[in-house]
Amino acid sequence: MLDTLLINIGQLLTMDQEDGLLRREAMNTLPVIENGAVGIENGVVTFVGTAEEAKGLQAKEVIDCDGKMVSPGLVDPHTHLVFGGSRENEIALKLQGVPYLEILEQGGGILSTVNATKQASKEELVQKAKFHLDRMLSFGVTTVEAKSGYGLDDETEWKQLEATAQLQKEHSIDLVSTFLGAHAVPKEYKGRSKEFLQWMLDLLPEMKEKQLAEFVDIFCETGVFSVEESKEFLLKAKELGFDVKIHADEIDPLGGAEAAAEIGAASADHLVGASDKGIEMLANSNTVATLLPGTTFYLNKESFARGRKMIDEGVAVALATDFNPGSCPTENIQLIMSIAMLKLKMTPEEVWNAVTVNSSYAINRGDVAGKIRVGRKADLVLWDAYNYAYVPYHYGVSHVNTVWKNGNIAYTRGEQSWSTATI
């Protein structure tokens, strides 16, 4: 007997069309079962099909979804989850046109977050991050990548990674930990970036032994770390057994996209300034392009990543919030879906694949997350919508009704008035 059987699902988005990264037309294809049903037993999906096919199945609990839509739990593959403080005091300065470097000189910017993170205890960081994870869950996210990077010293970086490890044990969301010690060059290492990177590399063996990080990341940008420094750093991290990511070409076409493809990074993230050559190299690689349009939006920039061109040329594109206190303070992945549709010219189908299948591969979870398939853990979302296009269309709010994590209800909004949109 099943533990739970979901029936009368108007649209069941299984996302289960093929294994591996989705590109081109596959990104614009959604496997949808009309009038679907899903069976769950011991936290695992044991049945996926139509309501007609589900007849005769018995379950301890039968949930009538009343024609609403069900999808896999969403995957957010790029966040800066663990940090201290906030930076709302900088908004007025930005609106006045105060340059970021001047804000830094006043103790603001990333330095403000670094100082707040250093001053916070691990438990304070954990409790703050739990609040943000709860919000992510309420938006339908069940798997999250979490970066360090607000320490710029060994003690605080360890504290962030240990906080992430504790959160993995205490929160229902699955976390994937990334070491981003190379987020910026500390003042004391100004002009000595290679020495700083060596210091960060020296931390990796113990980090690997304690299993505190799965990925290593670096911020490759003008005035931070060069392409050659980034490649050398990440290749050494790979030699130590880590998978790697790269903050690439966020502002300038520095060659970060090319570097990511060349070294076989799991993902290249941002890519607003990615060159045509970089896009071509990504298309011919297994590196996921993780685009962060919420950051461009919040920074009030006019130029967004060329998501349409990337998809048309065969790049596997994912979407993420880039949740962080400075350049994208939002946990709302649904808002990111809407911005991607409007500003990156992605179709609703492409947007859904970018927050499920491709985003799972960006963090090496393609075999466990992002799809509804028999044998996989039951991470499911019941939406207050009748069709998938309605979610990114009706922007700025959450359409989530209920979230199941490993077959258990992890979030429910309860009885609400909801859309009567039809296809």
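Heads up, the Cβ atoms here are built off N, Cα and C, so glycines get one too.
The Cβ of ASP322 (Fe(3+) binding site) has 29 other Cβ atoms within 10 Å, all protein chains considered. The Fe(3+) binding site annotation in Swiss-Prot covers HIS78, HIS80, HIS247, ASP322 and rests on sequence analysis.
According to DSSP, ASP322 (Fe(3+) binding site) is assigned to coil rather than to any helix or strand. Annotation comment: Swiss-Prot describes HIS78, HIS80, HIS247, ASP322 as Zn(2+) binding site.
The 4-imidazolone-5-propanoate binding site feature in Swiss-Prot is assigned to ARG87, TYR150, HIS183, GLU250, SER327; the stated evidence is sequence analysis. Following the DSSP three-state reduction, the secondary structure of ARG87 (4-imidazolone-5-propanoate binding site) is coil.
What Swiss-Prot lists as N-formimidoyl-L-glutamate binding site is TYR150, ASN324, GLY326. All protein chains shown were included, and the count of other CB atoms within 10 Å of the CB of TYR150 (4-imidazolone-5-propanoate binding site) stands at 31.
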Nearest of the binding-site residues (HIS78, HIS80, HIS247, ASN324, GLY326) to ARG87 (4-imidazolone-5-propanoate binding site), judged by Cα-Cα distance: GLY326
Which of ARG87, HIS183, HIS247, the listed binding-site residues, has fewest other Cβ atoms within 10 Å: ARG87
Additional residues surrounding N-formimidoyl-L-glutamate, by Cβ distance to the TYR150, ASN324, GLY326 centre under 8 Å: HIS80, PHE83, ARG87, ILE110, THR113, GLY149, PRO325, SER327
Per DSSP, three-state class assigned to GLU250 (4-imidazolone-5-propanoate binding site): coil
Packing count at SER327 (4-imidazolone-5-propanoate binding site) (other Cβ atoms within 10 Å of its Cβ): 20
